[in-house]
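The disulfide bond annotation in TrEMBL covers Cys193-Cys209. What TrEMBL lists as transmembrane segment is 61-83, 103-123, 129-153, 273-293.
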Amino acid sequence: AARLSVQASRLVELPCSSSDDDDGSSAGDMDLPMAGQDPGVWCPIPPKPSAFSQCVRYLAFLWNLLFLLLGLLALAVGVWGLLAKGSLRGDRLAPLGSDPMLLFVLAGLGASAVSLAGCLGALRASPCLLRFFVGALLAFAGLEVLGGLLLLAAQHRLRDALRDALLLCLLRYQEEPDLRFLVDEVQQSLRCCGLGSYRDWETNPYFNCSAPGVQACSVPASCCLDPWQNGTVANAQCAFGVLRLGDVAASTIVHLGGCVAQLGAWLRGQAGGIAAGAAVLVLVEATGVLMALKMLRDIASVGARD
């Protein structure tokens, strides 16, 4: 009886051990399909950007590269102009703020920095650089709109500001080669002389009748009716001694009318072209902002899927 009870206990234990083995084998069988599953389920591969997104990215890079080169060109022209005139020397730093070449330097630096951020942001898909690029363009656009509104609101003061700028050019005519070139171009193109009349040149210390030298009581050659000798060679002495003459005699040699009225009329005539240029500039900036925003949206969507 004791032997039969021992055998019965063994028979009872066998199904338990076999069930454990079965469980182990079934667990192993269940693990096999999971191990053989696609690795992409556990390690998802980021989706490839669409063809349109890739096109926008490359177009944004080339777009900013073009303006980066233009900005560097403007910066090089400005630095070259300052070095050529010696404005960067220690004794010439005072008039540096009124040097027109400084505008090229500042514009070149601003355009280069913003365009470089746009290039690197598009190339490296950097959200930080792209946000800086968008913010800078929006700031520039805001300043341009604000400037346009101020010009419209202060049209009556624009004439006075223009007169002050021309007066500064007149006083520093002999000292600044770029101002001399600007004044000569305005006087030759608009057929005018001085601010209100040709006698405004008496305020220049070199053309004043009390000044020493051969240019006393004279005006620049760009005021002459015919600044050429024999039609081929520039005659720099065509206006010598004009301020000693009366208006009738001077009218046969130089233009008597000033440039302020002529320049104001020319600006009013070019209002359409100026507005078109401003619109093109805003369109260029808006295109850059839209491309940057599209790249930022693509970067954000890829990060959300990851």
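Cβ from N, Cα, C; glycine included.
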Checklist entry - Against which stretches of its own chain does the transmembrane segment (103-123) lie, if we need a Cβ under 8 Å and a gap of at least six residues from its ends? => result 57-58, 60-61, 63-65, 67-68, 70-79, 81-82, 129-130, 132-133, 136-137, 140, 288, 291-292, 295
Checklist entry - Given the disulfide-bonded residues Cys193, Cys209, which one has the fewest other C-beta atoms within 10 angstroms of its C-beta? => result Cys209
